[in-house]
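What follows is a single structure, written as structure tokens, with notes after it.
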Amino acid sequence: MTYSTESLAQSDIWPATADVSTLRRKLLDLLCQLAYKEGDFVLSSGQPSSYYINGKQVTLHPQGALAIGRILLSLLPSDTQAVAGLTLGADPIVTAVSVVSAYENRPIPALIIRKEAKGHGTKAYIEGPNLPEGAKVVVLEDVVTTGQSAMKAVDRLRAAGYVVDEVISLVDRQQGGAEFYQSVGLKFEAVFTIMDLQQRYQELGN
């Protein structure tokens, strides 16, 4: 399905007050319609794959961003002081959660973790508000395969003095990421597994 302003206007506009379970069902459909593709692909890890999930097709979609913000906010521990993620995939996710948190009177700032330090100015790896040392940060990700991408964000945040003990992803490809996080003492949660997407993809007749 190709996104257009016309298709958005004709679609079922999701009310901002919809309950999280409803948003979760609608987000799954959106991921199947816009992000999930079958074919021959090579992942960022170098692994070949018979399918690909282009998360930005949904994380940058207006209704998708709203659903993501509300769903992930509901999964955050009550003592979360910030959300963060590795650029570029996590940028719209942490932003959506932060914006929604302000509307729900639970303001949580967002941090963006660079893959390489800036070559000018502060030369920082981490962009966003300065937090106190020991602040609890949850790392967010769009798709987890091996778990290595989000781990880079975890390492940068810990090096800056923050406490990180949890990673939350929109989709778990179930290719070792969850086991990896467990092995390094990180809690891991995913909104959907790849089985959820593939089953719904078939139900939608794609």
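Along the chain as shown, residues are numbered 1 onward.
Each Cβ is built from the backbone N, Cα and C atoms, and glycine gets one as well.
Features reported for this protein in Swiss-Prot:
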BINDING   ARG114, LYS115, LYS118, HIS120, GLU141, ASP142, VAL143, VAL144, THR145, THR146, GLY147, GLN148, SER149  5-phospho-alpha-D-ribose 1-diphosphate binding site
BINDING   THR145, ARG173  orotate binding site
THR145 (5-phospho-alpha-D-ribose 1-diphosphate binding site) CB neighbourhood, other CB atoms within 10 A: 23
Secondary-structure category, per DSSP, in which ARG114 (5-phospho-alpha-D-ribose 1-diphosphate binding site) falls: coil
Rounded distance in angstrom between the Cα atoms of GLU141 (5-phospho-alpha-D-ribose 1-diphosphate binding site) and ARG173 (orotate binding site): 12
Cα-to-Cα gap, ARG114 (5-phospho-alpha-D-ribose 1-diphosphate binding site) vs ARG173 (orotate binding site), nearest whole Å: 24
Neighbour count (Cβ, 10 Å) for VAL143 (5-phospho-alpha-D-ribose 1-diphosphate binding site): 24
Binding-site residues compared (ARG114, ARG173) - the one with the fewest other Cβ atoms within 10 Å: ARG114
CB contacts for SER149 (5-phospho-alpha-D-ribose 1-diphosphate binding site) [other CB atoms within 10 A, all chains]: 21
Pairwise CA distance, ARG173 (orotate binding site) versus GLY147 (5-phospho-alpha-D-ribose 1-diphosphate binding site), rounded so that it is a whole Å: 10
Nonlocal neighbours by CB distance (under 8 Å) for GLY147 (5-phospho-alpha-D-ribose 1-diphosphate binding site), same chain, sequence gap 6 or more: VAL167, GLY176, GLY177, ALA178, PHE180, TYR181, PHE188
